[in-house]
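These notes are about the structure you will find just below.
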Amino acid sequence: MATRSLFHSLRCRLTNNGVLGSNFIRNAESSRFSKSYNADAAIGNSLVEESEEKDDLKSRIFRLRLPKRSATTVLEKWIGEGNQMTINELREISKELRRTRRYKHALEVTEWMVQHEESKISDADYASRIDLISKVFGIDAAERYFEGLDIDSKTAETYTSLLHAYAASKQTERAEALFKRIIESDSLTFGAITYNEMMTLYMSVGQVEKVPEVIEVLKQKKVSPDIFTYNLWLSSCAATFNIDELRKILEEMRHDASSNEGWVRYIDLTSIYINSSRVTNAESTLPVEAEKSISQREWITYDFLMILHTGLGNKVMIDQIWKSLRNTNQILSSRSYICVLSSYLMLGHLREAEEIIHQWKESKTTEFDASACLRILNAFRDVGLEGIASGFHLILVHNKCSLENEGSS
């Protein structure tokens, strides 16, 4: 189960950092997934340091530090001193607490909001509470809270939040039962994020064959897929070596009305990865390796996480994923080197790309493949990215990589 846990921990970074995991995804185009776990910790430390110089409400709450101390007590004292607070201020404090993993204090702030500002509580506020309850008290408590909401509060956002909680805890049967309720609902409208949660769950538990079923329902419901939807769909095809279907999906993406610069970058990089890695349909006959090791199929799903973040222009997450993969006890595949190398090149980070070349050459377990580098070079040229290809060519020359048969690789 170690490999699936690794995949789940990496995938959760896509979905765990917003109000439901869903608001974060909705806002990802602007935020570019700029907050990683280490960045969140740094934010928390800076807020604590800042709080020692200020005496506003947020500073008092962040000075609590220990989870056993009560944010409710701080709020009551603040009001008792004759101070005021707005619900938007409380939302912002709760958001900051979530970002720094202060879930208990964040939950206490939302509880105050419900008790004192119930008329102003939004669907997103209830969704946030479901997510926080699941983190603080467990999935059963989150489920009870959701079922106890009145009918008007059981919205697309709260349904999706509970589905996210099920997915995060790998509660497949519960998630499937809830998803059935969701797709049978006639009164609520769900977006791509809800379907993405279900596909993320299937990917994390190794049931990749169920991803196309979710896509089929999404299309029946006439829900527009987003780049995360496509990434999950493509990942499932690559993981099962269904490369013909993968190419069809890429073509569909090219003609999607939502296509933008990030999508084009994603499409180009996927094509480069498939061509330079030489992934073929024939590999679907390969046996899956023992559970204790990472199979080729699982490596490919990790690679597609990196491809997604490249499409979003988020170097921080590429760094984070690559570091996580290097820190495992598994032997890195040549495909993984090809993927991270292509990702850095696509975003114009030549210094990092050259560092990957050095790591690959110095690896004691994965032999450096100069011919793969030439395939990357030619693949960038094939999609019309001659400038990137030229920069990579210089890196190869500088590092004395063989360029024999360059035109035919």
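One-based numbering along the chain as shown.
Just so it is clear, glycine is given a Cβ too, placed from its N, Cα and C backbone atoms.
What Swiss-Prot records for 155-189 is repeat 'PPR 1'.
Sorting the repeat 'PPR 2' (191-225) by DSSP state (H, G, I as helix; E, B as strand; all else coil) yields 26 helix, 0 strand, 9 coil. The annotation repeat 'PPR 2' is assigned in Swiss-Prot to 191-225.
In the predicted structure, the repeat 'PPR 3' (226-256) carries a mean pLDDT of 91. Annotation comment: Swiss-Prot describes 226-256 as repeat 'PPR 3'.
For 262-296, the entry in Swiss-Prot reads repeat 'PPR 4'.
The annotation repeat 'PPR 5' is assigned in Swiss-Prot to 298-332.
Per Swiss-Prot, the feature repeat 'PPR 6' maps to 333-367. Long-range contacts of the repeat 'PPR 6' (333-367) within the same chain: residues 265, 268-269, 272-273, 276-277, 279, 296, 299-300, 302-303, 306-307, 309-310, 313, 315, 318-319, 322, 325-326, 373, 376, 379-380, 385, 388, 391-392, 395-396, 398-399, 401, each at least 6 residues beyond the stretch ends and with a Cβ under 8 Å from a Cβ of the stretch.
Under the heading transit peptide, Swiss-Prot lists 1-38.
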Using DSSP, what is the helix/strand/coil residue split across the repeat 'PPR 6' (333-367)?
26 helix, 0 strand, 9 coil
